[in-house]
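Reviewing the structure listed below.
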Amino acid sequence: MPSRKFADGEVVRGRWPGSSLYYEVEILSHDSGSQLYTVKYKDGTELELKESDIKPLTSFRQRKSGSASSSPSRRRGSRSRSRSRSPGRPPRSSRRSASASHQADIKEMRKEVLEVKLTPLVLKPFGNSISRYNGETERTERGGMPHRHAEEKFHLSEERSYVSTQYSLRPRREEIKAMDSKEENIVTTTRSASLKTAQAPATQTKDLEFGGVPGVLLIMLGLPACLCLLLLMCKQKDPSLLNFPPPLPAWQDLWETRVFGVYILWFLMQALFYLLPVGKVVEGMPLADGRRLKYRLNGFCALLLTSAVIGAAVFWGADLYYVYSHFLQFALAAAAFSLGLSVYLAVRAAGAPPGALAPSSSGNAIYDFFIGRELNPRIGTFDLKYFCELRPGLIGWVVVNLAMLLAEMRLRNRAAPSLAMTLVNSFQLLYVVDALWNEEALLTTMDITHDGFGFMLAFGDLVWVPFIYSFQAFYLVGHPNEVSWPMASLIIALKLCGYVVFRRANSQKNAFRKNPADPKLAHLKTIHTSTGKDLLVSGWWGFVRHPNYLGDLLMALAWSLPCGFGHALPYFYVAYFTVLLVHREARDERHCRRRYGLAWEQYCRRVPYRILPRVY
């Protein structure tokens with residue numbers, strides 16, 4: 001096997017395909033089969049070059065003009081001198097006519113030039129000068145000027161169209177989205193459509209997740225049916241398999257217009273709290289075009305205001321037992337609302353510009369209805385996806401739990417809630433408070449940065465969270481369980497252990513994303529990637545690849561244990577959540593492998609376990 005001349009990470013000069021110009025590039029990898037080097041130019045473009053098209057930096061002499069090539073005038077002068085010394089020189093008149101013909105040919109060729117205008121996302125040098133970090137590194141050149149709006153033009157003649165077949169252009173996912181969002185970056189030529197197609201960025205093929213179109217259809221039909229089935233079984237006095245399936249209620253017991261009106265009122269109240277000018281405003285992750293959307297962090301204030309409103313309503317005679325007695329109707333009202341919202345999102349996304357589409361969108365109408373086509377649908381400054389992620393469903397989860405606690409006291413004639421109900425309410429309240437207190441961490445999650453807003457997130461946020469995550473409290477109302485204090489102590493210890501792992505891991509990750517140069521994080525070991533970002537391989541993230549998922553699973557188990565072991569229904573959440581996290585981990589794995597390449601493989605060797613040590 002022939003030995004390679006240049007090493008990964010080495011900075012050299014690479015010839016731009018179809019020209020004699022050499023530019024500074026970084027060696028990313030080498031294919032021993034094709035003997036091609038994958039290199040990265042400073043504008044972010046990645047090419048595969050032959051070894052003969054790569055030269056060390058030391059092989060170039062510094063010219064006074066600073067150019068790597070001789071000026072055209074100098075080359076023309078040398079050629080004319082060589083022709084003057086030629087013994088077979090034609091007569092002067094012939095030379096003049098030939099020169100005129102040559103100039104005419106040049107003018108004709110200039111008319112046939114294809115102009116490609118490349119607008120880089122952010123030009124990143126190969127150093128590690130970090131000027132600001134808010135979830136994504138922003139790098140500057142040595143002069144300190146960011147290349148956020150830098151533009152570079154290349155004029156490629158028709159004769160050089162062979163570049164598209166001889167070299168493999170492989171822009172990254174982020175760069176493809178940036179190019180798609182700015183259609184004016186590719187200027188059409190008057191020559192031929194085939195040349196334009198050869199120079200344009202290749203269309204990205206997408207691998208449909210969740211089983212593709214058949215899978216998402218099954219999920220969209222199965223989730224509402226599963227929700228109704230679980231709630232109906234839990235409402236039975238004996239939710240055993242002998243009583244499966246549960247009897248279906250009459251239509252009037254499934255739908256009530258008043259319940260739907262109460263749910264709409266709840267949604268509008270949370271929207272009003274979201275619009276209040278309280279809380280700090282932060283910037284989200286960079287979009288494909290380099291912009292950062294602004295978000296107001298007032299979720300914890302919304303929880304406090306909701307608590308005040310609910311407390312005042314109860315004081316003035318409102319009965320939260322109504323939530324328990326119409327629990328299935330509230331769930332179906334929320335499902336109907338989420339379906340209507342999904343239809344609205346699909347209709348408005350049909351006219352969305354390419355730059356507003358989510359990386360997960362595919363172009364298939366059914367799949368995009370489920371996964372979401374638009375990344376950040378907004379009505380003015382009102383961000384629909386960000387609002388639904390933490391407000392109506394998450395805060396509604398707390399209200400539902402409180403309603404179940406009061407229903408248990410009423411039905412069981414208790415002066416105080418049971419220890420099991422108290423544990424479930426306390427554990428889940430801590431989880432919600434933590435999420436709203438650390439609201440900014442949501443901006444770096446896959447839900448915000450990658451997935452669009454469609455049926456998957458709408459149904460999950462507005463229906464699944466408040467009506468399935470509160471399943472333990474709903475179960476305890478009809479099936480009480482007495483928990484001893486020793487058992488309660490063990491459950492509390494498990495909950496605290498899971499919470500510490502969950503919170504410390506997330507805090508470490510978010511602090512590193514904000515400012516990787518923080519002296520408090522200097523002890524952490526990292527692996528550098530070609531994207532400019534580093535991967536943590538020590539601390540909590542050196543223990544397993546997803547320590548936050550491990551903490552989540554421990555907390556989920558602690559929520560279910562107060563319900564006892566009389567039935568498997570309270571543990572449905574644990575089983576579902578395990579499947580959810582394993583699937584999400586697999587999605588993260590595919591995304592990171594495509595983005596980081598060899599660096600991710602190195603990371604996987606350093607941190608072999610995914611969620612649980614010694615399981616995978």
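The backbone N, Cα and C atoms fix where each Cβ goes, and this holds for glycine too.
Listed in TrEMBL for this protein:
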- 73-86: compositional bias 'Basic residues' (COMPBIAS)
- 135-157: compositional bias 'Basic and acidic residues' (COMPBIAS)
- 4-62: domain 'Tudor' (DOMAIN)
- 51-105: region 'Disordered' (REGION)
- 131-157: region 'Disordered' (REGION)
- 215-234: transmembrane segment (TRANSMEM)
- 254-276: transmembrane segment (TRANSMEM)
- 297-318: transmembrane segment (TRANSMEM)
- 324-347: transmembrane segment (TRANSMEM)
- 453-471: transmembrane segment (TRANSMEM)
- 483-502: transmembrane segment (TRANSMEM)
- 556-582: transmembrane segment (TRANSMEM)
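Counted as Cβ pairs under 8 Å, contacts with the transmembrane segment (453-471) are highest for 324-347 among 297-318, 324-347, 483-502, 556-582. Beyond the ends of the transmembrane segment (254-276), by six or more residues, the same chain brings 296, 298, 301-302, 305-306, 309, 326, 328-330, 332-334, 336-337, 382, 387, 391-392, 395-396 to within a C-beta distance below 8 angstroms of the stretch. Here the transmembrane segment (215-234) sits apart from the transmembrane segment (483-502); fewer than 3 CB pairs are under 8 Å, leaving out pairs fewer than 6 apart in sequence. With a cut-off of 8 Å between Cβ atoms, the residues of this chain six or more beyond the transmembrane segment (483-502) that come close are 418-420, 423, 427, 430, 434, 540, 547-548, 550-559, 561-562, 564. Note on the domain 'Tudor' (4-62): mean pLDDT across this stretch is 81.
Assigned with DSSP, the residues of the domain 'Tudor' (4-62) fall into helix, strand and coil as follows: 6 helix, 28 strand, 25 coil.
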